[in-house]
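Note sheet for the following structure.
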Amino acid sequence: MVQKGVVFGVLLILFICSTLTSADSKPNPTKEEEPAKKPDEVSVKSGGPEVSEDQYRHRCCAWGPGRKYCKRWCANAEEAAAAIPEASEELAQEEAPVYSEDQWGRRCCGWGPGRRYCVRWCQNAEEAAAAIPEATEKAQEAPVYSEDQWGRRCCGWGPGRRYCVRWCQNAEEAAAAVAIPEASEKAQEGPVYSEDQWGRRCCGWGPGRRYCVRWCSNAADEVATPEDVEPGQYGRRCCNWGPGRRYCKRWCHNAAEEATLKAFEEEAAREQPVYSEDQWGRRCCGWGPGRRYCRRWCQSAEEAAAFQAGEVTASLMLIMFKACPCMGPVPSV
């Protein structure tokens, strides 16, 4: 009974597979044949210039500069054929100066420095032609000002003309800035100060002139500072440097405090032995192996002298115990 069921199942499966195979081999009447290409499309493609098509069967009948993008799409072959003579006339026409167009058909009638960006866009050829005399007049102006994307002019440059410290909104404001006597006075002053974008002057440089530690708003704020003293960002002076002048251990607020500290340093230099000080004024009166770290810090000179005397006594006792083993075990120092 089981064998009959297995045979019946195998036959049923074979029948179903043969039915599906025959159904796939029959032609599908609902499938539409691909329409043949129209003669006009073939004729346009065979002629020149060739036109690229997109996924909607639109044709590009006007390319942008360098063929990087399409400025105009044509819906059919008739419109593309009509656009070809128009494109040929535009190429043959000599325009001076030549303006680049964007994807909306606008023309650039005002370039920024180095032609890196456009500062003015014209909607049509008439507006572009009207902008040509204006651009010629601007080119003949002296001095020459660089414009940004908002049409402002730079009437005050920083050191080396690397950045602009003052922007003028129009030609009148720029002309007034040129006639300012302050600009010529600044050029003749010494020492020369670098200015930032707010017109402030640097009257205090950090180590190696890598950064400014004090900015002056006007000539009255500029105070002559000795070259060997480097003011901090709060107007304080460093009157005690750390090793290698890598950091400041003590800041002085005025000249009197600095003179007092110098007198204290001269007095400490005459003392023997010389102790190293930290940023809190403490002295190291006990060094570790190789003087790599300090084992004990003393608050005053008296404490340092007492510790030194005790250290010398302990060293003598250690030498005596080592020289005479009969005196017992060596005490720990």
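Cβ coordinates come from backbone N, Cα and C, glycine included.
The shown structure was predicted, so the numbers you read here are calculated from the model rather than taken from an experiment.
The recorded disulfide partner of C216, taken from Swiss-Prot and restricted to C203, C212, is C203. Looking at the candidates C202, C238, Swiss-Prot gives C202 as the cysteine bonded to C212 by a disulfide. Closest in space to C203 (disulfide bond), of the disulfide-bonded residues given as C108, C122, C298, is C298, taking the CA atom of each residue. Using a 10 angstroms CA-CA radius around C61 (disulfide bond), the disulfide-bonded residues that qualify from C70, C212, C238, C239, C285 are C70. The recorded positions near C298 (disulfide bond), taking a 10 angstroms Cα-Cα threshold over the set Q55, C70, C284, are C284. Counting other CB atoms no more than 10 Å from each candidate's CB, the disulfide-bonded residues C70, C74, C118, C216, C285 peak at C285. When the C-alpha distances from Q103 (pyrrolidone carboxylic acid) to the disulfide-bonded residues C70, C74, C154, C238, C248 are tabulated, the minimum falls on C70.
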